[in-house]
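Participant: Quick one: the structure is below, and I'll ask about it shortly.
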């Protein structure tokens with residue numbers, strides 16, 4: 001893929017990349033990896049479509065050398081995703097939670113090779129009211145929905161309960177209190193309050209400036225009205 005991007009940059013300044021599937025759960029990571037590996041800059045993003053710009057001083061002769069993989073590397077050994085007992089629960093409580101998770105209403109159904117960037121905020125919003133969330137992943141390869149579950153565990157964060165019957169079941173945990181969303185809401189409210197306060201102060205300054213300007217005009221008018229009276233008084237004295 002990196003070679004294709006650099007080959008395209010020989011003739012055009014920008015290349016369009018369309019992202020689908022598991023990586024779209026964390027689009028920020030996708031953008032960071034593309035910019036870091038290619039040396040380009042993402043100038044536009046809409047959904048899973050990115051426009052990657054090569055830069056003004058791009059030189060194809062100085063492109064990074066990407067080594068060719070002549071053999072398939074050995075698959076790494078990952079730790080077990082689902083443990084026999086969930087941390088903080090007993091064996092019986094874990095079994096009951098896994099049974100209960102299969103009957104929880106489905107939050108959403110994942111399409112094969114879809115765009116999943118809205119999945120993390122959906123799960124966070126659901127955790128405000130429910131402790132268990134079930135995501136229907138029927139039709140997806142087993143490796144795909146397991147990777148999605150791991151990404152949700154790290155990004156939400158949450159605890160993976162089960163992958164039975166092609167369902168992703170996650171638990172918010174005992175200590176979940178939604179502080180992340182509360183903080184974001186508070187910051188947004190504070191920003192709005194600051195903006196409104198700034199607008200009110202600007203309006204007050206404008207009103208004060210207009211009142212000062214009106215008072216200056218009135219004083220000038222009053223002085224101009226008084227001037228002919230003084231002149232008439234001086235003329236009367238001279239005549240006398």
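Note: Cβ is positioned from N, Cα and C throughout, glycine not excepted.
So TrEMBL lists the following for this protein:
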- 192-205: compositional bias 'Acidic residues' (COMPBIAS)
- 206-225: compositional bias 'Polar residues' (COMPBIAS)
- 1-65: domain 'CRM' (DOMAIN)
- 87-183: domain 'CRM' (DOMAIN)
- 190-240: region 'Disordered' (REGION)
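Explain the structural surroundings of these features, please.
Facilitator: DSSP states for the domain 'CRM' (1-65), grouped as helix (H, G, I), strand (E, B) and coil, give 28 helix, 16 strand, 21 coil.
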Participant: When secondary structure is assigned with DSSP, how many helix, strand and coil residues does the domain 'CRM' (87-183) contain?
Facilitator: 41 helix, 18 strand, 38 coil
